[in-house]
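Right, one structure below, let's go through it.
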């Protein structure tokens, strides 16, 4: 059996397969393609709408991690079932919403995402995982910002830029960006430096700077057919309730430090194990 251990927090991580090639073929902007980031978030929102046991999702680059409550019994906690259903829904939502984010660009071939499910025994280990993913976001984005500045603005080849950055530390890359290109990395958009956090709106206790996002096509739109006025009103009430329960808030914030978690203790209770 591939049933994950009870009373453990579950994470299903969805990763793009061959996304370097995919981004090249679809001519993504460098170092970041904001339209793809938006598309990834629309796909993640769809997953949260369908799977109510997911508390939050964190995304960066070509990946999204979905956190399920430790008490969930969704799909009998089977790793293969969770990974296949969440991975397939994310992939289909990515394709389904492509034209919203890329109205001027045809999807040349189907993208692929793999998924895996892992259990974390405590809030501490779960937060360590989320911190690792955000640290990875920062490290990769700083490198890519420096690399593509050297190529696109500095006139270096890809090999030359790679050699120029070999062995450099974060401080070296920050200095290079500022001295050669006038870029203060700390002023770069937070979505690039910190990634995207989707949280159930009902779990937030503090005032946060949420990011408005357009809903995907088909979200919560029922087929009323020949329904009567009373039936339509009943359907509308059910849709409104479903939207409230599934609503998620998009944030680009620091999730490594304690501040966000202590101000919103209902998301991941600090005394929960």
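Just so you know, glycine gets a Cβ as well, placed from its N, Cα and C.
Among the features that TrEMBL reports, Mg(2+) 1 binding site is placed at 15, 16, 62. Residues or ranges marked as Mg(2+) 2 binding site in TrEMBL: 15, 62. The annotation GTP binding site is assigned in TrEMBL to 15, 16, 17, 18, 19, 20, 61, 62. According to TrEMBL, the feature domain 'tRNAHis guanylyltransferase catalytic' maps to 2-121. Per TrEMBL, domain 'Thg1 C-terminal' is recorded for 125-257.
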Largest tally of Cβ atoms lying within 10 Å of a Cβ, found at which of the binding-site residues 16, 18: 16
Rounded to the nearest Å - Cα separation of residue 18 (GTP binding site) and residue 62 (Mg(2+) 1 binding site): 10
Distance in Å spanning the most remote Cα pair of 15, 16, 17, 18, 19, 20, 61, 62, given for GTP: 13
Cβ-centroid neighbours of GTP site 15, 16, 17, 18, 19, 20, 61, 62, 8 Å, sequence order: 22, 63, 113
Integer mean pLDDT for the domain 'Thg1 C-terminal' (125-257): 84
Protein Cβ atoms within 10 Å of residue 15 (Mg(2+) 1 binding site), excluding its own: 16
Cβ contacts of residue 61 (GTP binding site) (under 8 Å, same chain, 6 or more positions away): 16, 19, 137, 140
